[in-house]
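Now, the feature entries from TrEMBL:
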TRANSMEM  12-35  transmembrane segment
TRANSMEM  73-94  transmembrane segment
TRANSMEM  101-120  transmembrane segment
TRANSMEM  126-149  transmembrane segment
TRANSMEM  161-183  transmembrane segment
TRANSMEM  203-222  transmembrane segment
TRANSMEM  252-277  transmembrane segment
TRANSMEM  292-311  transmembrane segment
TRANSMEM  320-339  transmembrane segment
């Protein structure tokens, strides 16, 4: 019975996702009906194009849908799904409802990389990513592995020390970025807007690269859903059952951070998705990671598409950053989360 209920809920969320995509595709400066949007999509499907009436479809609408809106919508879907999945991993590994994907330096490293890219003014482009995106990805990886290297105690990575080192490194790089910006004030606006996160520079190349990486990481990590359930009960119980707790935790944290780094490189730093979405999914599925992981990804995708659509359409002829909208939703939820878990966090 429980499995049937979960399947029904999953189906409803999938239908909601499809509806959200169709809705997002019709909203923008150019008014495109949901029927025309759907027809444009079907006209690009092999063997279906000849069955779709295309005579009254405007070429401008085709270009807007296929080159602008659709890659942006799909990249937002992937970004939301990937960050939500990473949030599930972090909250599971740390057994902490306040854990989120940027704990291990992904955001601070990315911001540092973006700052250096803006100052150096180097023009590089690789598989759809510009200089800032590439430097941000490199910065995320460098800081992440620096945190892992520092946190090793007697050859082993301590998870508790890892968390503390991550917080310290994040604070250090935030201060360093502020110092650099004081001497390069002409670059402040460029770096600031990038760090707030947006999908306005989405391309099909980014969709393919980010999509493949997020999918591979998610599928591989999903194999450890049962182990993660046991680890959340307690490390000692998990070890008594023969589970290599430290190895699995380290592996999952690296994979989740890597996926987050790729998303940040493509979109900038978008906060609160990896923090709040896993909790929303738990209200539907409970704590079992086998159900929680896919549900979080679907809800994360829906949430990010909605936030990005609001960001690009709420003010005529002006676009907000997606990170602003996610923060407006996320901050009240975060305050409620602290209140709900005040005993856990020591309040």
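Glycine is treated like the rest: Cβ placed from N, Cα and C.
The stretch from 12-35, 73-94, 203-222, 292-311, 320-339 that makes the most Cβ contacts under 8 Å with the transmembrane segment (126-149) is 203-222. When each of 12-35, 161-183, 292-311, 320-339 is checked for Cβ pairs under 8 Å to the transmembrane segment (252-277), 320-339 comes out on top. Within the same chain, the transmembrane segment (292-311) stays apart from the transmembrane segment (161-183): fewer than three Cβ pairs sit under 8 Å, each pair at least 6 residues apart. Within the chain carrying the transmembrane segment (203-222), a Cβ under 8 angstroms from the stretch's Cβ atoms is held by residues 71, 74-75, 78-79, 81-82, 85, 89, 127-129, 252, 255-256, 258-259, 262-263, 266, 290, 293-294, 297, all 6 or more beyond its ends.
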